[in-house]
Amino acid sequence: MAMDKTFDAKTAEARIYEMWENAGAFKAGANASRDETFCIQLPPPNVTGHLHVGHAFNHTLMDILTRWKRMQGYDTLWQPGLDHAGIATQLMVEKELAETQQPKRTEMGREKFLEKVWEWKAAKGGMIEQQARRLGDSMDWSRSAFTMSGAESAPATEKDGNFHDAVLKVFVQMYNDGLIYRGKRLVNWDPHFETAISDLEVENIEVDGHMWHFKYPLAGGETYEYVEKDEDGNVTLRETRDYISIATTRPETMLGDGAVAVHKDDERYAPIVGKLCEIPVGPKEQRRLIPIITDPYPDMNFGSGAVKITGAHDFNDYEVAKRGGIPMYSLMDTKGAMRADGAPYLEEAEVAQRIANGEETFDEAMIAAMNLVPEEYRGLDRFEARKKVVEDITAEGNAVMHDVTRTEKDEDGNKVEVTETVPYVENKKIMQPFGDRSKVVIEPALTDQWFVDTSKIVGPALEAVKTGRTKIMPESGEKVFYHWLENIEPWCISRQLWWGHQIPVWYGLDLGVEDEHNPSGDLDEVEILGLLLEGIVHRGNVMHCAPDFESVKSAFVFDNADTPSPISHAKVVEVADKAEAIERFSAGLAAYNVTQDPTKLEFPVWRDPDVLDTWFSSGLWPFGTLGWPEDTPELAKYFPGDVLITGQDILFFWVARMMMMSQAVLKDDPFHTVYLHQLVRDAKGEKMSKTRGNVIDPLDMIDEYGADALRFSNAQMAALGGVLKISEDRIKGYRNFGTKLWNAFGLAVHPDYQVPYPGDATLPKPNTTLNKWIIGETAKVREEVDAALTAYRFNDAANALYAFTWGKVCDWYLEFSKPLLKGDDEAVKLETQQTLRWVLDQCLILLHPIMPFITEELWGLADNRAKMLVHADWPAYTAAELIDADADREMNWVIDLIDNTRSARAQSHVPAGAKVPLVVMGLDDKGQSAWDNNHVLIQRLARIESLTAVDAFPKGCVTIPMDGGTFGLPLADLIDVPEEIARLEKTLQKLAKELGGLRGRLNNPKFVASAPDEVVAEAKENLALREGEEAQIKAAIARLKEIG
RNA sequence: GGGUGAUUAGCUCAGUUGGUAGAGCGCUUCCUUUACACGGAAGAUGUCGGGAGUUCGAGCCUCUCAUCACCCA
């Protein structure tokens, strides 16, 4: 077998991956030799997604665990799949439609648009699955799941799957259990995508903003004494005011104010609480007056202490408005422009005034329909409206003014001070919410949405972590988890999108014909006309939830059984929306009216147009991927899974939701361990971003250095809870490590050594110290790796293997074995060949989970293998079995002697290539035997010509202190005496420091009394060794000084 | 404002019940020695952010200050 100079990752990786995949090496249960299962659910990437460094990182960890367990014979499944990613995908397709001059989404309609999305998915979706293969991911691709599989809109060409069934089933179940409800609430509204988004999809960013100060005049020109006091109660300002001063960062929302709130303890405003003030904007003839109320929310020390309350446009105000029964007027449309619908402002304002005066009652629906935007602002974008509101108020003199003095140069160039009275506008940093995808300012909006009553299902998830059933790593994640779940908000699950699982709820017209008003149960002509005239439009809807239209029909039929005949017999039909329903219903009634034929009557129902939040479906991932709600063997076998590995940023987005949903649906935890990692950053620790230009593409790294190098780097930086900084230098370093391993095999196949490689190596029983020693070292590292991986300490596993492979096997074992392999002792030669082969095989096996490609390639170099490396048996030998303590001690002594000799040589400027004689003084039996056993190796690696035992060192001898004897290099006149003295004294200084510490401790009676025995014993032993060394060096210095 | 984490060699980071500091990269010197220059050999570098405390002993535990990062208001 001949080898190339280096591993050619570029061509080999694709070839090897294909080999694995074709052999079905990653299929669920492949290589299983025991019943225990090991299952990891891949956090499903967006169908639009590409492999970035974060994926590359956590995929590496998942793959390491999966490959490791598979080699151990577990029944293993790494479940892949894709998330349909509502907003991201819809956006992507809309963008493409625009670029290719196709009709817009709204122009082509829902059905056609969904076709386009599926087409896009088939053509361009799921790129990441190909990219993941390049990383070496050992997922069972045949099981790849999709969170929209089985949807009504899915074309026949799509792969089978029933995720949609799972989603609808869970929705219906939770709806029936009262865990899901519909309601009008303030939600984060994205004016770009025109949909509600979750608060987790909002980024709060500090931006430069303004705080305007306006006067809200008191109704009827009333006045009051406005008094300000300092901390000691001294009056600092007293004036008569006919207004209340309001500070706001969002003047355009003034139009929707329902009240002004002050703190109940705020003495400044006590005289005017309960009175009305005027919103100083809009047509003069109908200025709205709103009450001044008290509420705990206003901060007396912030701004003027008075807060305008716009319940429909601010989360804090919303709470105040709810508490105070203040109407919440919506001002904007779905695009964030000022509303242009509804009645003229004057009419609306009049109604609003009657409400404010307490002359008229109101309900939610009525308030929602009202548009309090004056005509001159209607249709304006919210930011334009803001500008205009500020201008208008300022022009009318209702802005709070202050004096600003600045220095200017007059015509002659002299500096003069100019004082102006200008509106008081503070420039300040404000936190503004932005959509994490759209990047536009999020508008709190009062809309009808569906919610999961999370507080009702959070219990078991919390308990899972509290009782330790589910462990979050690192532990700090648990605190964060508790904090969030204990303060959980209702989860808004509806999205105003088309791409997603459409909510399985149908609405029908509320006929509401009550029995007492119609005791006969018959609907006569007058009543039919009444239904029409009364305007079904203004009546509410009835709704039912079921997985599909057929199942929901019966619910409506049942409802209508109470209605008078012949309506009770009306056929339930599905229509697009309420408008069409009214039309169809009216038409049916009219036809019945003419023909008296009850079959003409139809009861039209329409489906909720909204879709479910993507995270609702991904919350079902742990069991939806396994075939639930079908009762599949995979579900029985692989649920619950074992460990979830994901970025800590989606602990709430996803992890908590999977835990809640699994418990809500299957009454079980989805996994026992959650491994959270931080964001992967660049080498400087900065977030990667396109604008910064510091994005590292993992595929570039794979192209350049190979997947194994990237994977090793990922494993190496995976310290629990650590900051992840990806560095190209490091990746390069691990590429070099791969080459080192490659070349280790190069030695075995080298013509000088010709280690035969017939097939799988078996554990040899050698006689030589060297071979015994390396077998023990191998057992040690196997234990280290298993312990590290068991504890999810990937960095420890990687580092242990690096140190073993390079630092032990390559640096020492291979070098030592060379003379034996070329020697004349056939028995030694044979056992060394066997041991070498075995050790190299162990390197491949143990490294395979981290570096699968190069190890599989090297594995294939042997003539005859039982299995591919991907399915090779993971070893179970222990250090206790395989370590030979004598061999261990002896080899460490040998290595020490070589190290010390080399060091002495280098520092004495002995030419690197020169072979020199070695002398020794007072060598004890152990030392002698160690020398005798290993002198060939020592002489070769330390470039020693011969060893001579002497009673006294010759003149000019470099000293090498060792446990069991003092060695020396007789360099005669070559030696620079002062330099050698300096070298020894330096060593002595270091030694003195150590000795000081050791003696200090041992002389302290408290230490000896209170420290554990083994620590004391170790210190004593150490002290003895160091003292011996010190004596040797002191003697050496004395000798040199005599010469000098 | 609340929470979490960080601060260790020039750089990037490890350091698992407290026992006296490590790795990779980089740097300096030497070596084209028969697996490997993507290499080998040797070497230098740290009052472990500051201060205080507990302890025989603190990078590790407690308190405090400083700086930074992230998350949530």
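Backbone N, Cα and C atoms are what each Cβ position is placed from, and that goes for glycine too.
For A:Lys690, the entry in TrEMBL reads ATP binding site.
Within the model, the domain 'Aminoacyl-tRNA synthetase class Ia' (A:16-510) shows a mean pLDDT value of 85, rounded to a whole number. Taken from TrEMBL, the feature domain 'Aminoacyl-tRNA synthetase class Ia' covers A:16-510 (among others).
Under the heading domain 'Aminoacyl-tRNA synthetase class Ia', TrEMBL lists A:606-715 (among others). Break the domain 'Aminoacyl-tRNA synthetase class Ia' (A:606-715) down by DSSP state and the numbers are 51 helix, 16 strand, 43 coil.
According to TrEMBL, the feature domain 'Valyl-tRNA synthetase tRNA-binding arm' maps to A:976-1041.
Tertiary neighbourhood of the motif ''HIGH' region' (A:45-55): same-chain residues 82-85, 88-89, 92, 121, 125-128, 131-132, 134-135, 146, 647, 679-680, 688, 695-699, 726, selected by CB-CB distance under 8 Å and a gap of 6+ residues from either end. Annotation comment: TrEMBL describes A:45-55 as motif ''HIGH' region'.
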* Structure fact -> Summed over the domain 'Valyl-tRNA synthetase tRNA-binding arm' (A:976-1041), the DSSP helix, strand and coil counts are 62 helix, 0 strand, 4 coil
